[in-house]
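A.B. asks: Checked Swiss-Prot, it gives:
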ACT_SITE  ASP108  active site
ACT_SITE  ASP294  active site
DISULFID  CYS120-CYS126  disulfide bond
DISULFID  CYS285-CYS289  disulfide bond
DISULFID  CYS324-CYS418  disulfide bond
DISULFID  CYS349-CYS390  disulfide bond
DISULFID  CYS355-CYS387  disulfide bond
DISULFID  CYS432-CYS469  disulfide bond
DOMAIN    90-510  domain 'Peptidase A1'
DOMAIN    319-424  domain 'Saposin B-type'
CARBOHYD  ASN143  N-linked glycosylation site
CARBOHYD  ASN404  N-linked glycosylation site
SIGNAL    1-24  signal peptide
Amino acid sequence: MASYHSKAAFLCLFLLVSFNIVSSASNDGLLRVGLKKIKLDPENRLAARVESKDAEILKAAFRKYNPKGNLGESSDTDIVALKNYLDAQYYGEIAIGTPPQKFTVIFDTGSSNLWVLCECLFSVACHFHARYKSSRSSSYKKNGTSASIRYGTGAVSGFFSYDNVKVGDLVVKEQVFIEATREPSLTFLVAKFDGLLGLGFQEIAVGNAVPVWYNMVEQGLVKEPVFSFWLNRNVEEEEGGEIVFGGVDPKHYRGKHTYVPVTQKGYWQFDMGDVLIDGEPTGFCDGGCSAIADSGTSLLAGPTPVITMINHAIGAKGVVSQQCKAVVAQYGQTIMDLLLSEADPKKICSQINLCTFDGTRGVSMGIESVVDENAGKSSDSLHDGMCSVCEMTVVWMQNQLRQNQTKERIINYINELCDRMPSPMGQSAVDCGQLSSMPTVSFTIGGKIFDLAPEEYILKVGEGPVAQCISGFTAFDIPPPRGPLWILGDVFMGRYHTVFDFGKLRVGSAEAA
């Protein structure tokens, strides 16, 4: 949008905040780092203002996605590309150097590098963010190797350095980090953070840098190789939450945690079962899905077919896809007949010549073409879009046939879903007055059902008559064998206290207190 930069510059006047971060090491051997929560309002809801070029960056990253990763193997450009940190709500404070220089950072379980702005960076953003000054630190050590990280809203580039990093009362010696000489984008100037501290695995660290958390464990600074997140979703309370390094705080959760093993070392990734809408299975994850617990992602991201079904159930307004309706009108009856004749669902779209493969690609790999305004500019893009819509139609029809719906009802339902197709990485609006009638959305993890109520997955922006309600669900498509993939961000982690067990390579979830 033409006025985007001017909007960003204008918004920065409203978004300067001070952080009173509390951190402590108690006599139970746990390190607690308090988090500050930023309340969503129309001025700081930046996710909806991300320029279309950022969506193109995401699409490019998805095309490069490494589908062959196994435990211990991953790609630097994977889930990190999803991130739009500008609408993140939770931040904490660290310090770098001797004497300590303070920085506000996002603690991000979905990436693994530590970066802050370099003193050598000169831009408008520098006036609103702390910068690391190596010349003022007696513990600084030069490295100089160049580094670059691609995010959803741009790239951070700079060079590696070494210095002591203070997290709470603990000091990590000679920690490698990136001094950023290029910030993510112009919109970074209105962000509430100065940098990012990754809590993922070294396998996805740019430059194979040793993460801060690894050094905490290696240097014997924590009681156990475990850390946990408690995010306070109570909008009336200022306290944002707490990260506990070295264990868990029983006051942060109720009952027992359900643990699942890490299946893809790199991210905190695990296997997940089906997704339910008001108790009814969607069927999409019957064959299994993967999920990543990601504190650096504000929303809850998942495959477009399921997100569209959720949007329909909650009345969210997305992007109307005429291409979707065209496929339903021309091929809907044929697809249904093939399903009723027990044809292989994975091969139906190739049988009717909408896909050029026989089920090996997987649903939604080319979904960016479905809603891309430029999809019609080339026959290849158009064909990919038709193929993706066909794949989604098969999934939706399978779900409806399981419920013994009539043919007419199924076709009408699929057309309604076409009207609810979300924008790539975009958010969808809902009627704030309809929250009480919206369904529960549930996730199956470790054989247990984890429910999200409407007030937990709908984000309210603003107050009174000007209040807006935004769906906490957004579309994100990764093909097999790595996908289908869900990103369980702050919407999920706010409802469920999350334990990241580095020693036993597992993730645990329990009801947050």
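Glycine residues also receive a Cβ, built from the backbone N, Cα and C atoms like all the rest.
Help me understand the surroundings of these features in the structure.
C.D. replies: Counting every protein chain shown, the Cβ of ASP108 (active site) has 23 other Cβ atoms within 10 Å. In three-state terms derived from DSSP, ASP108 (active site) belongs to an extended strand segment.
For ASP294 (active site), the number of other Cβ atoms no farther than 10 Å from its own Cβ, over all displayed protein chains, is 30.
If you take the C-beta of CYS120 (disulfide bond) and look for same-chain residues 6 or more apart in sequence within under 8 angstroms, you find GLU179, THR181.
In the three-state DSSP classification, CYS289 (disulfide bond) falls within a strand.
CYS418 (disulfide bond) has a Cβ environment of 27 other Cβ atoms inside 10 Å. Secondary structure from DSSP puts CYS418 (disulfide bond) in a helix.
Counted within 10 Å of its Cβ, the other Cβ atoms near CYS390 (disulfide bond) come to 24, all protein chains included.
Reduced to three states, the DSSP call for CYS387 (disulfide bond) is helix.
The Cβ neighbour count for CYS432 (disulfide bond), using a 10 Å radius and every protein chain shown, is 14. Classification of CYS432 (disulfide bond) by DSSP places it within a helix.
Mapped onto three states, the DSSP output places ASN143 (N-linked glycosylation site) in strand.
Here ASN404 (N-linked glycosylation site) comes close to no residue that lies at least six apart in sequence on the same chain with a C-beta under 8 angstroms from its C-beta.
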A.B. asks: Within 10 Å of the Cβ of CYS289 (disulfide bond), how many other Cβ atoms can be counted across all chains shown?
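C.D. replies: CYS289 (disulfide bond): 22 neighbouring Cβ atoms within 10 Å.
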A.B. asks: Kindly assign CYS469 (disulfide bond) to one of the three DSSP-derived states: helix, strand or coil.
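C.D. replies: Looking at the DSSP assignment, CYS469 (disulfide bond) belongs to a strand.
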A.B. asks: Same-chain residues six or more away whose CB lies under 8 A from the CB of CYS469 (disulfide bond)?
C.D. replies: ALA429, VAL430, ASP431, CYS432, LEU435, ILE458, LEU459, LYS460, VAL461
A.B. asks: Using ASN143 (N-linked glycosylation site) as the reference point, find which of the recorded positions ASP108, CYS349, CYS390 has the shortest Cα-to-Cα distance to it.
C.D. replies: ASP108
A.B. asks: Of ASP108, CYS285, CYS324, CYS349, CYS390, CYS418, which recorded positions are close to CYS355 (disulfide bond), meaning a Cα within 10 Å of its Cα?
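C.D. replies: Taking ASP108, CYS285, CYS324, CYS349, CYS390, CYS418 one by one, the ones whose Cα falls within 10 Å of CYS355 (disulfide bond) are CYS349, CYS390.
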A.B. asks: Could you tell me which three-state DSSP class CYS324 (disulfide bond) falls into?
C.D. replies: helix
A.B. asks: Enter the number of other CB atoms within 10 angstroms of the CB of CYS387 (disulfide bond).
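C.D. replies: Excluding its own Cβ, the number within 10 Å is 26.
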